[in-house]
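According to TrEMBL, the feature signal peptide maps to 1-25. Positions annotated as domain 'PH' by TrEMBL: 12-114. Taken from TrEMBL, the feature domain 'EF-hand' covers 124-159, 160-195. Annotated domain 'PI-PLC Y-box' per TrEMBL: 458-570, in sequence order. Sequence annotations record features per position, and here TrEMBL assigns domain 'C2' to 545-669.
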Amino acid sequence: MASVSQLMSCLCLLWWGAMMRKIKSRNWKKQRYFKLEDDFMTIWYQSKKAVSVNDVEAVREGHQSEVLLSIADEFPPDRCFTLVFRGRRGNLDLVAESAEEAQSWIWGMRKLIENVENMGEREKLDQWIGEWFKKADKNNDGRMNFKEVQDLLKMMNVDMNEHHAHHLFTMADKSQSGTLENDEFVLFYKMLTQREDVLKVFQEYSDGQKLSQSNLEDFLREEQLEGGDIQLHAKQLIECYEPSDKGRMNAMTFDGFLMYLGSAEGSIFNPQRRGIFQDMTQPLCHYFISSSHNTYLMEDQLRGQSSVEGYIRALNRGCRCVEVDCWDGANGEPIVYHGHTFTSKILFKDVVSAVGNYAFKVSQYPVILSIENHCSVEQQRVMAHHLNHILGDRLLKTILDGKTPIRLPSPEVRAVIYCPTLMPYHLIEIPESQGQNLKLDSEFNREPKSKQRLSKELSDCVVYCKSVHFTSFKHSRIHSKFYEVASFTESKARKHLREAGAEFVHHNSRQLSRVYPSGFRTDSSNFNPQEMWNAGCQIVALNFQTAGEGMDVNDGLFSQNGCCGYVLKPMMSLPLNIKEDSIVDPLVRVEVHGVPMDQAKQETRYIENNGFNPMWYDTLHFTIHTPELAMVRFVVEDYDKTSKNDFVGQYTLPLSCMQQGYRHIHLLSKDGTSIPPSSLFVYLRIKHLE
């Protein structure tokens, strides 16, 4: 464990700054000066660009990006590192002048990221306020005059008349200097953001000044509908969120109440559903599985870039099924790309390395490799070599318990399942070697009838899964085996849903089905996966690189159960984003995605010229018949009477994970990243109809 002095020494080096090479490609390598700013939250570099530590998700060490791999012969791995940003923003690849300097930046950045992740709600708010102060303080004198405050209000999307703004400014200017310093600006912010909605709730249960522990217990019982040891929970909430020592004596002030409601415990998402809480011992076909389509693509389907980064990002988002399209490449090396298009090409061995490195970083449950094999027998042998050499003992090539299997394994085998969609080459990779070196019986391991030959080396990797052409549900009932997997385009799946929905559900209770986007979606757009989940389809593959409703619903479903990428199927039957020079007119739309009878959308009215602290007090009612399949999506939009509304933020979660009572919904951007402190404050009630 590093000492405090080591940490300070490292951060001082970052503060002094260093010249490093910024790498964009093998031919684009430029020297740039990088420096940690005084706030210890911003990295500045030449060209007047800045990187917020808040935006950095991770630091990768060595040649762990496609760009750095391309210059591996020029710079050793101990001088190279990559800053990986949240959402879909591109990486920043850097080469330091020495290995020691690289280590200082790697270690220092990781400590800064760790510090951000460990911040409490109050610290995050203070930091956010500090960032706005810095933006508004144009002359960098540590003070804000009234003109700077007016500019700040515009930046913060607040439409306030000049007289009222000046009144708040004067009240906050305790020193009567005509400017606001740090503490005075915090006071100004508090007056500006007075939460009348929360204050109204607080006053209903308090004496106006404080909420006694007994009053808080009543609130938790009557409004939040909490059970268990409420007395203990109320005591813990006071100890955790009450900021004043005096107030912590068996009571909670308004500030503490506000902090509690804005915390994870006051969130709409039930914290008991965050970790692994489902039975993980059932066969794979009993789970919905987070799945990616054409994972190697970073953009569109015709001319987009192919990259191993697609696999890394998908796996780090909890994806458990990734797709690999393999073709013959130059120099005997198989390549991965979208065949017969202008998409760029990457090496198959680099894809296998990325999967091997990242398969189990986020989740310990199976990763499915969905492979389209278009390779010659010679290059199939190379594929088998890379799989065996790179994955080593983790590549499961025999059954797990030495017995002829009668069903698919459960997620608890902690395996990567290799499941091609067109050619049936299937294998399992596990983090710990399990099972004995036994072969499957000849019927189970038989090769398919195909014009394209399958190499023995790749055939030896076939375990547990077999891709088959789907004929009909009747044929499937009579002839199908549990290890057979059928793939459907979204249009074919919809056709089966319309014509034989019940049979489709029954089929999916026994074996795996994969649904993928139509070939007409050349822009990498997505369909809504909910309709396929309604039929019990397990592997519903989406374009992870494309933000929107489809990925919002997908992220919402898999946000439960530890974000492990597996969700047990139910019993089946059938500050805001701101437009430049514009004040937002926000409205909220609540969408229910589920079985057709439950599909519904309702909107609030829009609030004119108030994107900072709008209040609706609107009530929306929904009737839901199949709650176990329902997803709820909250969308905030900027109303526009002349054109399509602009997206502001959203949050999606399963109905089964919603907490009742007064809750905050912390909004996410299009990329699925948080946009603190933007949130919705709602009151929720779920009533069971007779």
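From the backbone N, Cα and C atoms, a Cβ is placed for every residue, glycine too.
Automatic, uncurated: that is what TrEMBL annotation is.
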Count the residues of the domain 'PI-PLC Y-box' (458-570) that DSSP assigns to helix (H, G, I), to strand (E, B) and to coil, and report the three numbers in that order.
45 helix, 20 strand, 48 coil
Secondary structure content of the domain 'EF-hand' (124-159), with strand meaning DSSP E or B
23 helix, 1 strand, 12 coil
The domain 'EF-hand' (160-195) - residue tally per DSSP class, helix then strand then coil:
22 helix, 1 strand, 13 coil
